[in-house]
Amino acid sequence: MSKRDYYEVLGVARGASDEELKKAYRRCAMKYHPDRNPGDAAAEATFKECKEAYEVLSDGNKRRAYDAHGHAAFEHGMGGGGGGPGGPDMGDIFGDIFGNIFGGGAAGPRAARRGADVGYVLELDLEEAVAGIERRIEIPTLIECEPCHGSGSEDGKVEVCATCHGRGQVRIQRGIFAMQQSCPHCDGRGTLIQNPCKTCHGAGRVEEDKVLSIKVPAGVDTGDRIRLAGEGEAGPAGTPPGDLYVEVRVREHAIFQRDGDDLHCEVPIRISQAALGDTVRVATLGGEAEIRIPAETQTGKLFRLRGKGVRSVRSRSEGDLYCRVVVETPVNLTTDQRELLKQFEATFTGEDARKHSPKSATFIDGVKGFWDRMTS
């Protein structure tokens, strides 16, 4: 099967500039890369075709050979071999393209080396999360070795790796393609230590429990994260440290349930309070408040107390407190109380009962209608 013209593969004119070639290759790579098309053999083949075309056209010598002789320039060894030092750095190109797509960065020497990020879960009571708090925490981490100041060397001297010349990576040739990998001689550090530090044994870092004070802002909720820049693991060979991410988890509360910036709770009331109406006191996170219960209140009725919820950590507005009334059946009744209830119940007869208990009457009518339909 004959190969397609390289310019046609990338969709550019024969006089395309280097920048136009690079943009065309990026478009192709983003569309057909195997990571974005798992299991798609056709997409993978197109991606390889684009990669080969760009490898040739982005190299001045190879491009001139291709323009003069086409694909035959490489089939018969014309126009030079694989990409030398002047060829494109495919690792850098892929780092530019897919570092942004998948959240990573370039793996080449341009990538900034730093310490690893550290995660910590901080459990708080609801009151602490709502009001804000300063909490001391202790985390196991890697810190910079003090005797060698993170260099890993006992005398502070390090040598540039002769294999990678301090880049930390070496270039590997695979036919016309060039790849980069971590230098096996210096393990990607770019330097060598002849006299390792006796404290850290050349690592430049030591394990230690770090104690930190964290200021938790008012209004945080489960899942919120607090970033402490530079409080993660120390970087290798004196490079910058990572960050510490503190994830908040709020414990369940005995009274309140939280929904964003709003709070919910249940308020039990007696039958007499529900029937006759009353004013009841309820707890809020800021103290006590009053709810006026109107006469004939039923279980499930919601009362809204504006501004008695949680102050938002983002907008600083305050949520509301929703109180759901639950009519409580009395227990442990005395003989006199039982007698009074019997006398009260005796007043509910005939149409009088339907008038005083409309929901019960509706339910009974519904059940009767159901059985009538079943037996008809």
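Cβ atoms here come from the backbone N, Cα and C positions, even for glycine.
Over in Swiss-Prot, the protein carries these features:
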| type | residues | note |
| --- | --- | --- |
| DOMAIN | 5-70 | domain 'J' |
| ZN_FING | 132-209 | zinc finger |
| BINDING | CYS145, CYS148, CYS197, CYS200 | Zn(2+) 1 binding site |
| REPEAT | 145-152 | repeat 'CXXCXGXG motif' |
| BINDING | CYS161, CYS164, CYS183, CYS186 | Zn(2+) 2 binding site |
| REPEAT | 161-168 | repeat 'CXXCXGXG motif' |
| REPEAT | 183-190 | repeat 'CXXCXGXG motif' |
| REPEAT | 197-204 | repeat 'CXXCXGXG motif' |
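Counting every protein chain shown, the number of other Cβ atoms lying within 10 Å of the Cβ of CYS145 (Zn(2+) 1 binding site) is 22.
For the repeat 'CXXCXGXG motif' (161-168), the list of distant contacts is 109, 113, 182-186, 188-192: same-chain residues at least six beyond its ends, Cβ to Cβ under 8 Å. Fewest Cβ neighbours within 10 Å among the binding-site residues CYS148, CYS183, CYS200: this applies to CYS183. Taking the mean position of the Cβ atoms of CYS145, CYS148, CYS197, CYS200 as the Zn(2+) 1 site, the remaining same-chain residues with a Cβ inside 8 Å of that point are GLU146, PRO147, HIS149, GLY150, SER151, GLY152, SER153, GLU154, PRO196, LYS198, THR199, HIS201, GLY202, ALA203, GLY204, ARG205, VAL206. On the backbone, the CA of CYS200 (Zn(2+) 1 binding site) and the CA of CYS161 (Zn(2+) 2 binding site) stand 21 Å apart. For the repeat 'CXXCXGXG motif' (183-190), residue counts in helix, strand and coil come to 0 helix, 0 strand, 8 coil, using DSSP. DSSP assignment over the repeat 'CXXCXGXG motif' (161-168) gives 0 helix, 0 strand, 8 coil.
For the recorded Zn(2+) 2 site, residues CYS161, CYS164, CYS183, CYS186 set the reference point as the centre of their Cβ atoms, and the other residues of that chain within 8 Å of it by Cβ are ALA162, THR163, HIS165, GLY166, ARG167, GLY168, GLN169, VAL170, PRO184, HIS185, ASP187, GLY188, ARG189, GLY190, THR191, LEU192. Counting residues of the repeat 'CXXCXGXG motif' (197-204) by DSSP class, helix then strand then coil, yields 0 helix, 0 strand, 8 coil. For the pair CYS186 (Zn(2+) 2 binding site) and CYS197 (Zn(2+) 1 binding site), the C-alpha distance works out to 17 angstrom.
Each residue in the zinc finger (132-209) has a pLDDT score, and their mean in this model is 84. Of CYS161, CYS164, CYS183, all annotated as binding-site residues, the residue with the shortest Cα distance to CYS197 (Zn(2+) 1 binding site) is CYS161. Listed in sequence order, the residues of the same chain lying 6 or more apart from CYS161 (Zn(2+) 2 binding site) and placing their CB within less than 8 Å of its CB are GLY168, CYS183, HIS185, CYS186, ARG189, GLY190, THR191, LEU192.
Neighbour count (other Cβ atoms within 10 Å of the Cβ, all protein chains): 22 for CYS164 (Zn(2+) 2 binding site). When the alpha carbons of CYS148 (Zn(2+) 1 binding site) and CYS164 (Zn(2+) 2 binding site) are compared, the span between them is 24 angstrom.
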